[in-house]
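Q: According to Swiss-Prot, the protein carries these features:
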BINDING   38, 39, 40, 41, 42, 43, 44, 45  ATP binding site
DOMAIN    2-241  domain 'ABC transporter'
């Protein structure tokens, strides 16, 4: 549905050229909720704005539904953009228009007849839960409701793609969850492809199918969300996941473990489980089979894409030969085993 090929973006700054994006390649299938995450300045917003050519790339191509947007004329591009809705962190509603009027605005500008506008807008307001607020003005509704208006307005032209640029970052956690639930429902009911930009891994965990991690304008990691959480490879990904699922021990415990590791006593492990593995007595079975001691230092259970996900930090001790066999057994059971070290 969306394909980004060899895309780079440069801007001229006071100290010379700045490369905001470097050779980005992504493929986003139709009907997927795809997350793009990174720290501030990673290039996320620049990337999402190239998908509808609000920002034209310096190099590369952007294909949406098989059409290369970079090769379209101005008129053709305007037509193609009708298939791409967009919502932003700031709601950009007209204070002089009602909720209905704000959602209807793009249709009015496109010359759509009044009867057709009503037939389009009223179901959208019902979809986003604002049918009862249709005659209210922006000053009379909450921030979460304003974002729902923005979503309905973005859907008014019946797009195939919805771009979300930090759409929940200005909202409180409860409202954020409600908006994410709404986006997921829209994805399911309308078959809409959603590209979601965020700096919050919690958002990725709750709503996305796949994720790309952006750092300094480069895609440093990409994959299914559950796989990225279980097997993060890049240090930026690890740091972002650590914002949601603790990856580090408390400092005092870390110091004690480091001293113990220096003596060669034990192995510090991060174990990650998913699905049925969370409910199975895998650790106790490993202890019985291989006569190991597991000291659990830290643990957490969460849910990703509706599947249970568990993460443990353990200190394992036992006979060297049996330790290796135990690690192999754990991996056979679908457990991700990562040996850590805090020794400087």
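Note: Cβ is positioned from N, Cα and C throughout, glycine not excepted.
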Q: Please identify which of 38, 41, 43 has the densest Cβ environment, defined as other Cβ atoms within 10 Å, among these binding-site residues.
A: 38
Q: Near residue 45 (ATP binding site), how many other Cβ atoms are within 10 Å of its Cβ?
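A: Excluding its own Cβ, residue 45 (ATP binding site) sees 20 Cβ atoms within 10 Å.
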Q: Around residue 44 (ATP binding site), which residues of its chain at least 6 apart sit with Cβ under 8 Å of its Cβ?
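A: Looking at Cβ-Cβ distances below 8 Å from residue 44 (ATP binding site), excluding near sequence neighbours, one finds 36, 37, 38, 165, 166, 197, 198, 199, 214.
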Q: Around residue 42 (ATP binding site), how many other CB atoms lie within 10 A of its CB?
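A: Its Cβ shell of radius 10 Å holds 23 other Cβ atoms.
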